[in-house]
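Data block below; observations after.
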Amino acid sequence: MRPFAASAPELVTGKGAGVLPRHVAIIMDGNGRWAKQRHWPRFAGHKQGVEAVRRIARAARAMGIEALTLYAFSSENWRRPESEVSDLMGLLRLFIRNDLDEMVRDNVQLRVIGDYRRFAPDLVALIDTAVARTAVNTGPILVIALNYGAQAEIAAAARRLAERAQAGTLDPATIDEAMFEDELDTRDLPPLDLLIRTSGEVRLSNFLLWQAAYAELLFVDTLWPDFDADTLAAAVEIFGQRQRRFGGL
Ligand code: IPE
Ligand code: IPE
Ligand code: MG
């Protein structure tokens, strides 16, 4: 595990300040461990995790980040006990109910990536209404990844292109990266600049595999419920210090 503070000596210099990532994605991990440290039920960690979502969505807006994508429920998280899955769904319901008015007021565009239509019908309806209500907004984009899995997203994109080719409306020889990207859930978002994972785990867990091709990766030990505006600012500062080469010199 890389200690967050120690990996950022450049913070002192302030070099690179002002280079803002357009699109930041976060694998919000460590809710369970945060609760365990306190001998509290896992639910308490998830509840604090929602507070962190609120905090970080606001902080990202204040910093001028165009798009923030948060991994809230993976296509693999169904493997958790049913009670935990239903706790997470309940918290999602509450979050949308409580925060939608603020998002509308703050000109936020709420979007969802992932196969969220597998959720309970009332939750699907709530999500659709929330997305529709903010669709006219023109400000910062908040993307929640729900029942998201990058491999399924890529397979679905390939399937749709194959269907068009089979129907004779697409020449397979014309399929390129840009056309493929147009089939991904992230098609209308700015390119991913910075991908952060909290809690010390160093893996992508099936998140934005295509989009991360040239993203800067940052793994921090902070548990998600402890992630705050200062942690985000420090991450953005580190991003500003990175030299992105995209294969060039
Ligand atoms: C992240 O925290 C939240 C979700 C995956 C929904 P975890 O629940 O994975 O927390 P840990 O990894 O058990 O600490
Ligand atoms: C990744 O966290 C998924 C989300 C943050 C929603 P997990 O806690 O599910 O990932 P693994 O199982 O440790 O890889
Ligand atoms: Mg986890």
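Glycine too: its Cβ is placed from the backbone N, Cα and C atoms.
According to TrEMBL, the protein carries these features:
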type	residues	note
ACT_SITE	Asp29	active site
ACT_SITE	Asn77	active site, proton acceptor
BINDING	Asp29, Glu216	Mg(2+) binding site
BINDING	30-34, Arg42, His46, 74-76, Trp78, Arg80, Arg197, 203-205	substrate binding site
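Shown on the structure are the features that TrEMBL records.
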residue	record	DSSP class
Asp29	active site	coil
Trp34	substrate binding site	helix
His46	substrate binding site	helix
Ser75	substrate binding site	coil
Arg197	substrate binding site	strand
Leu204	substrate binding site	coil
Glu216	Mg(2+) binding site	strand
Expressed to the nearest Å, what is the distance separating His46 (substrate binding site) and Asp29 (active site) at their Cα atoms?
10
Measuring CA to CA, name the entry from the binding-site residues Ser75, Trp78, Arg197, Glu216 that ends up nearest the residue listed as 'active site'.
Arg197
Cβ-Cβ distance under 8 Å to Glu216 (Mg(2+) binding site), same chain, at least six residues away:
Pro21, Asp193, Leu194, Leu195, Phe239, Arg242, Arg244
Listed recorded positions adjacent to ligand 3, that is, members of Asp29, His46, Ser75, Asn77, Arg197, Glu216 whose C-beta is under 6 A away:
Asp29
Return the residues near Ser75 (substrate binding site), defined as same-chain residues 6+ apart in sequence whose C-beta is under 8 angstroms from its C-beta, sorted by sequence, else 'none'.
Gly114, Asp115, Asn147, Tyr148, Gly149, Ala152, Asn206
Got a sec? Which of Asp29, Gly30, Gly32, Trp78, Arg197, the recorded positions, have CB under 6 Å of any ligand 1 atom?
Asp29, Gly30, Gly32
Where the C-beta lies under 6 angstroms from ligand 2, the matching binding-site residues among Ser75, Trp78, Leu204:
none
Binding-site residues compared (Trp34, Trp78) - highest count of Cβ atoms within 10 Å:
Trp34
Name, in the order they occur in the sequence, the residues of the same chain whose CB lies under 8 A from the CB of Leu204 (substrate binding site) and which sit 6 or more residues away.
Ile27, Ala150, Leu195, Arg197, Ala212
CB contacts for Arg197 (substrate binding site) [other CB atoms within 10 A, all chains]:
23
